[in-house]
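Asks: This is the feature table in TrEMBL:
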type	residues	note
ACT_SITE	A:THR87	active site
ACT_SITE	A:THR163	active site
ACT_SITE	A:ASP164	active site
ACT_SITE	A:LYS240	active site
DOMAIN	A:5-55	domain 'GatD N-terminal'
DOMAIN	A:78-272	domain 'L-asparaginase N-terminal'
DOMAIN	A:301-408	domain 'Asparaginase/glutaminase C-terminal'
Number of protein chains: 2
Amino acid sequence: MDNCNIGDLISIKTENTTYTGTIMPSLDDNVIVIKMKNGYNVGILRDNIKSIDVLKKGKKPTYELPPLKIEKKNDLKNIAILSTGGTVASRVDYNTGAVHPAFTADDLIRAIPELLDIANIKGKAVLNILSENMTPAYWKIIAEEIKKEIENGADGIVIAHGTDTMHYTASALSFMIDADIPIVLVGAQRSSDRPSSDASLNLISAVIASTQPIKGVYVVMHGESGDTFCYLHEGAKVRKLHSSRRNAFKSVNNIPIAKINPFTKDIEYLRKPNKVNEGNKINKESESNKKISINTNLEEKVALIKIYPGIDGNIINYYVDNGYKGIVIEGTGLGHAPETIFENIKYATDKGVLVAMTTQTINGRVNMNVYSNGRELQKLGVIGCEDMLPEVALVKMMYLLGNYDTEKAKELINKNLVGEITEISRFDAYY
Amino acid sequence: MDNCNIGDLISIKTENTTYTGTIMPSLDDNVIVIKMKNGYNVGILRDNIKSIDVLKKGKKPTYELPPLKIEKKNDLKNIAILSTGGTVASRVDYNTGAVHPAFTADDLIRAIPELLDIANIKGKAVLNILSENMTPAYWKIIAEEIKKEIENGADGIVIAHGTDTMHYTASALSFMIDADIPIVLVGAQRSSDRPSSDASLNLISAVIASTQPIKGVYVVMHGESGDTFCYLHEGAKVRKLHSSRRNAFKSVNNIPIAKINPFTKDIEYLRKPNKVNEGNKINKESESNKKISINTNLEEKVALIKIYPGIDGNIINYYVDNGYKGIVIEGTGLGHAPETIFENIKYATDKGVLVAMTTQTINGRVNMNVYSNGRELQKLGVIGCEDMLPEVALVKMMYLLGNYDTEKAKELINKNLVGEITEISRFDAYY
């Protein structure tokens, strides 16, 4: 029966049905998986297969189209789309299996030509990784590439990024980059080979956002499950909150900044953006008048520990003994940890390790003055991080300890630097 | 100026205002904190204080009321309220500072006499801890106390619990207890000394729930910020998602089972409960016909690791080398981990450690077949845990490894046992 290989277009006959599609890799030798034209995969038990017809042998897809040559429009902003990989820039690789990142930003423009009505688009693939493999070292590369593009005249930047860790990167870039133009991260939850893909609408919306009179780092993703609008989120106030839905990203402890309609190209501000920049004028040919400075010093010896009943406090000692400079605790409730690990926390702070407290409730604010547990932790030197997300606190600590001594980092960790902390969380950000 | 002590009722005069309230402990020697009559604390800088009048010296509050003696009603169910501590059972202790758990369940009944119209109430304090200090050892005590109460004729159980870890306990009891009556955990986000307390309405609603023809473990908390209704959540499908709001608890990947109106005492089912028990009849005097068995074997050498960019994979080796039997990974997206830690994961699975994958997106389902990263992790022996919450997977692994060998635990970790996994997550559980 196995005269066919992964990548072949085949027709499988079972007792009652005929399935046509491309063979995908299967984890189970008893099952043949094919990707059908509608984009969905179906697995068919070998035992139920009556016959297989190979309609077309598979071959490596080739992408050897010439580079794009497009006339620059003087009344449009110059936007650089930097691709780092991920679903927004992915295709299914029928030869090696499942979904792999592959398209360059150039290919994206080819797929969505209407981007050219919104801005002068430049595309560049700066990385090609799955975002689950993102590291602080890659953040530095991205920051450097952003700097280059701004120096080369970009009026706005779009970063195509895998969604798994997009909020970590958005937050890292928020701290690392000081620019007076918008830097907009965008991803997709469904790859562009699927009819239900959100890649195009997200990318169009991100490019719209990148032409706005704002500055700083943002995330643009679907605002609801349907293909209706996208939200513009602040880069250090957003989190992936669903594994598969298109509206997976939510602003936390604040509402999104704006609603973007990718069909009409309209943007509706829901609140005043924190970082307005009305003066972001269009750069002329090879000119650059935009402020840009980056700071790529990051201390990687920083750990995130999530608290749970029965947690082994010695994990803290492990980090301390291995030279860690900072620990972010994802505590319970208002910022608590079991008293059984107080001695371990004391071990850390006594050795000069910066220990900061966030909450695993995600929504809400740490308040370590209400209960005795929180007060004790403060006496041990633990710093409550207000309404900052644990993921953001982790990245911020890497940034602070990469640039300052521990005393200064301790002073800054719970002060708002780039919008990561709001003084009063909006009531309508949680319901 | 300091002729006053913590607990004293004082009147503080500043240039423009007079504050009256009870002195609370202060973390800052330069600040006097008083709790005002409206329940809020205010801190006043010593430098700004013109004068202090002591209106009444403080004294230790005494609670020496006689035990409750209430006539049993034959048409009402017998509900045992077991108090473990936490805000729902707390008062402000003006002598030792902040909010401390103190009230016994008996005191709760005294505070909310209308409970006696809903059920025959028995109160018992089984623990008096802040829930951030909850441990698997305490879960065993709670399970044993529940068993005792059911054997003594309870038709339903209410557990007053601190909210920080209430969902961990609810999930632990879901696995540990096999009973044909409802066991309802309830907490409060604001202590009962504050006018905005949710303690009474939550407790009334929990008692209503405990008289319902259902079985298994549940959580009852406010359904919205206002004092309008409570939700009945499944014990292994619920999570604290806000640090301070009264509607902090949300069902995840499913909708709540029912809406409870604590004013009219009505309950409205939003979906068919998974564990109906129409046959839960009222026990007569000292009789017990209810099924109850508990299993308190828990393997405590189980760890939860949250993934983030730059994570040190050697943390996995640390746990393996310290005799851990299981690790729950809180991965990114559909259940991913950086390829840099694959070798550490292999080290764990090679040594026979059970490694399971959940997602830090909280909402949604793990699907490790979509991307190459997930497929690789499966090849290393990592088990995807469907739409089970990371916190629940942790507790379930403690339970499984406490009762079965690793092979059997591996087989059961992603199978639904008590409602912790739903085959298809409801679309309307995320918006």
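Every residue, even glycine, has its Cβ placed from backbone N, Cα and C.
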Asks: Any idea what the Cα distance is from A:THR163 (active site) over to A:LYS240 (active site), rounded to a whole Å?
Replies: 7
Asks: Using a 10 Å radius around its CB, how many other CB atoms surround A:LYS240 (active site)?
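Replies: The answer is 29 other Cβ atoms.
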Asks: In whole Å, how far is A:ASP164 (active site) from A:LYS240 (active site) when you measure between their Cα atoms?
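Replies: A:ASP164 (active site) has its Cα 7 Å from the Cα of A:LYS240 (active site).
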Asks: Kindly report the helix/strand/coil residue split of the domain 'Asparaginase/glutaminase C-terminal' (A:301-408) according to DSSP, in that order.
Replies: 45 helix, 23 strand, 40 coil
Asks: Is it possible to list how many residues within the domain 'GatD N-terminal' (A:5-55) are helical, extended or coil according to DSSP?
Replies: 3 helix, 31 strand, 17 coil
Asks: For A:THR163 (active site), what is the secondary structure state per DSSP, taken as helix, strand or coil?
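Replies: Note: A:THR163 (active site) is coil by DSSP, not helix or strand.
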Asks: Please report the three-state DSSP label of A:LYS240 (active site).
Replies: strand
Asks: Given a separation of at least six residues and a C-beta threshold under 8 Å, show me what packs close to A:ASP164 (active site) in the same chain.
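Replies: Looking at Cβ-Cβ distances below 8 Å from A:ASP164 (active site), excluding near sequence neighbours, one finds A:GLY86, A:LEU130, A:SER131, A:GLU132, A:MET134, A:LYS240.
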